[in-house]
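Below: the structure, in structure tokens.
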């Protein structure tokens, strides 16, 4: 495994592989890797000749300076993990090389798909995500790119972008990885205090129960939403950003629960903002 | 020469060439080709193994419906010309395939580079240009792409975008081609009435004279600008959109004329809006 930080160096290495018709799998990350990332990387290694993982805490997708500054990192541990998983190249670009002083180009996806859910409270977040992912795709030229379904909106936004801009990459969404007690893995979980860590379980629990309600025949999205909101509001230190029941690909609100449905939520548990979601197929 | 209108069909053909390490040259156009386009195509044919020319009147870059609807076209003549020039593939995509109903992704370059000159009066124009050029680059994957210096701002914007988004393409700006009497070639010139065609000569004349003034030692951009504006305003049917003296790469206003300088103008001569410019190197 090789760690490369210069953009042009990685381009040269990967273009040779590309021309040699080797399939390139890519997992973009912001580091501080957990088992969720590892599940993406394992799949990439299995399905491709070459696997590239990027570690880059992208400043343009943070809407709060504090969130950016407190974002956890442990590069040494990340690199050990990626080596053990059989990754070929770790890309650790420099902020200054990714965003020069003259930098002024952004990729933006308009409409509900970026304005709802996390987009409503995180102004400019998906513009930052789409821009950095476009840059990374242009540098890596992956055949397949792997994204965790935990960031369900990110998967929907990136899939839309790839179609709209005719990019040569297949987006592979991968299932959420959870702790045994249900908590969705997140690099932000380390920011939770012990009591908050227990409180946070209500997020996954309420989603699982909502799924059961739907499977028992509930078709009214308002009732489902109210059920989750009420449950979370029993906690003193929980502050709901959103709880939404939407069409899984367009992210548009639905009133009747049918087809591919996404229930997504974002909740502050103390300081950290946690997200979780569940996808349900209703025939 | 082969004409292809389906995106995926062109991708398959060109990926094979790309993997075969054939150099791909690309000339994006909106059709109704003239000698200016021909000069780009000749250079592309000379410098590459494969030359692709696209003909697509891109709706997202028109700020006026009337301008879009009156934009001239002659596909049959264009195709004959391109065949004679030795082009390999003509790409004539369908509007509905380029922009599906769900289309919502745009590439935008922020700052003076898109807000000044043509960007000031043509809201959204460069966003439309950057978006379609990104799409075309992703479809064609050219090694080199050729753009006319007549659209000097377009060259600056696309060059900025390619750098910012780490695209694998070299942008080749090519000199303005003019009629013998100095009028810069443009597909819009056919929209000029006979008397307007004569009036329009004042644009290139004033630019050439401004260049002479600078070469004789004039360093004050205000004096140069006033000279051009006064000259154009002697015409009854001319309506100035802008006359600007700017840094040739950032397009920022300059007061002292030095380095790489661009004098650019856009003027309505009757209904048609014509643009022209001249680049001057002042040591």
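Cβ coordinates come from backbone N, Cα and C, glycine included.
Residues or ranges marked as ATP binding site in TrEMBL: B:30-37, B:148-151, B:177, B:185-188. Over all protein chains present, the Cβ of residue B:36 (ATP binding site) has 22 other Cβ atoms lying within 10 Å. In the three-state DSSP reading, residue B:36 (ATP binding site) counts as helix.
Proximity of residue B:37 (active site, proton donor) to non-local residues of its own chain (separation of 6 or more, Cβ distance below 8 Å) is seen for B:27, B:29, B:148, given in sequence order. Residues or ranges marked as active site, proton donor in TrEMBL: B:37.
What TrEMBL lists as beta-alanine binding site is B:61. Taken residue by residue with DSSP, residue B:61 (beta-alanine binding site) is part of a helix.
The (R)-pantoate binding site annotation in TrEMBL covers B:61, B:154. Cβ environment of residue B:154 ((R)-pantoate binding site): B:126, B:129, B:147 lie under 8 Å away, each six or more residues apart in the same chain.
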Cβ contacts of residue B:187 (ATP binding site) (under 8 Å, same chain, 6 or more positions away): B:30, B:31, B:32, B:33, B:34, B:71, B:72
Which listed residue (B:30, B:33, B:177) has most other Cβ within 10 Å, given these are binding-site residues: B:33
In the chain carrying residue B:149 (ATP binding site), residues 6 or more apart in sequence that have Cβ under 8 angstroms from it: B:155, B:173, B:174, B:175, B:176, B:277, B:279
Per DSSP, three-state class assigned to residue B:177 (ATP binding site): coil
